[in-house]
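Quick look at what TrEMBL lists:
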TRANSMEM  100-123  transmembrane segment
TRANSMEM  130-150  transmembrane segment
TRANSMEM  162-185  transmembrane segment
TRANSMEM  197-219  transmembrane segment
TRANSMEM  225-244  transmembrane segment
TRANSMEM  291-316  transmembrane segment
TRANSMEM  336-357  transmembrane segment
TRANSMEM  369-388  transmembrane segment
TRANSMEM  394-413  transmembrane segment
Amino acid sequence: MFNYRFVDEQMEAGEENAKKNAPLRTIINVLDIFIDAVRHPSVEPIIFLVYIGWTFSSTLQSPAFYRRVCETYYDGTNTSCSPITDPTVEDEVQKHNAEWSLYTSLAYLIPAVFADTIIGAYCDRRDRKVVIMLGIVGITISEFGFLLLFSELVHTPLWSTILFGVFAGCTGFVAMIPVSCNAYLADITEENDTLMIRSGIFTIAQLLASVIGTVVAAAVNWLPVTIAINVELGLFAIAIIYVLRRIPRKAESEDRAPTLSKKKGFLSELKQLLKEGAYSYVKKRPGHQRAFIFATVIALMITNMTSVETRISVVMNSYVFRRTDKGSLQWDQEDLGYWNGSGYLIVIAGTLIGMYLFKQVLHCRQTTVILIAIASTTIRTLVIALASERWHMYVANACGLFAGLIHPAVVSFMAQFARRPKSEQAAWRLEPTLRPAGVQVMVWLLMLWVHIKSIMEGVSDRRPQPPRDIRKAISMIGTENPATYESEETEPKTAPKKKMSIYDHALERVAEIQKRNSRIDENWWGSYQKPAKYPQGSFY
């Protein structure tokens, strides 16, 4: 006779031991992935070299550009540009500073909107290596323009930065580097949880480089800005050499789409790549997955740009360098460097804590992590806007503890829609055209809708299911659930159907689930009614 009681006791003891050892196993799992990333680095050194140079140079460039704008409009007068002491002059300088910031941003942004889509589609179709190198070349061109601007020998006018910005935008600019690197990680990583951890390690490498770059810049704030740019360009050159030697032409993947025929002309291929990039957003998808992609792209766009603009940007410089108003911060590059360094360090700690707490302990969904990251960034931005003392700015950094979770969570969430085919994996590559920090509350509400809908439609990971009762499982051996075959019994007996593929079966299953749950929308924002009518659609 089978001893059910003994089996139950053994199962309960096993469950208790599993619960006790779960945190330890989780830590060991994360450490294994981290050690593997250190022993076999892929794209982490690239982002480390690029961002340590970029943040180092940008911190020292901040007051130099501010002073250059002042000298352009008040050269030959008795006005002091270092520092500015006249409130009227400061108002005018900040106005012109904002204007030139807009011009330079549009210069690289307009071509980057098209370049990111075309280059991103090329990246999905062929390989990541060329695209990563294009991003590094783009930021190199932009920084070379600033080198000529600040050079005492050349001393080019301000409008020259617009020309360099246009050329840089045609390469996708700096944003193409982390986007392509994350896409490469998605290519070589199969499991979503492992991908999120690996992407988190990549984000930590980026943040650690930012800490080192800003703190070193604050420590050597006396260094001429031209030397700082030369150091930056040297680090970019090392990054290009690393890409040439270590990143393969193609990531190992069975789902890589075939390349275009060589007989097609360049313009024809360019048109095809642009269509593929746009098709990633507008193609028919089951449920609300198309809306999920748009909402997630907007969330990443706003959060990423808010993070950049409230750390190293002309807008932030105008805010912290102001001296003549009551309650102004009156900072210099040293203050800005140490503040940014502490902020990046806090984000590193928050990313490490968040990945372990929200994913490994609480088993939160990716959309939950995205909501937490947006809320953290929003609170940080509000505190910065209300800051009038130095310590207020450091409190703002503390509020942005979990802001760095947005990238690994988005990578893991979006990869679920694009695991097959690969041409969808960079669907979140779109770079922003605006920088409205105030829209983050609306973005948070939008992502809340995605979170709720994704739970209803079964997208994203779930909590681990409890083990089945062994006695019930044994008693069910050899039996069949009548409900499972209810539909088969009611159907008339006809000739056997043609064997369906896994893909067709998945589409049919989605249609049945949507019909049962009555969640079918006819509008563009929703889903299509009969997935089987769209054989080219992506179930995933």
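Backbone N, Cα and C atoms are what each Cβ position is placed from, and that goes for glycine too.
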Considering only Cβ pairs under 8 Å, which range in 100-123, 162-185, 225-244, 369-388, 394-413 makes the most contacts with the transmembrane segment (336-357)? 394-413
Tertiary contacts of the transmembrane segment (394-413), defined by C-beta under 8 angstroms and 6+ residue spacing from its ends, are 178, 182, 185-186, 192-193, 195-197, 199-200, 202-204, 207, 292, 296, 299-300, 303-304, 307, 339, 342-343, 346-351, 353-355, 358, 366-367, 369-370, 372-377, 379-381, 383-384, 387, 428, 460
Between the transmembrane segment (130-150) and the stretches 100-123, 225-244, 291-316, the largest tally of CB pairs under 8 Å belongs to 225-244
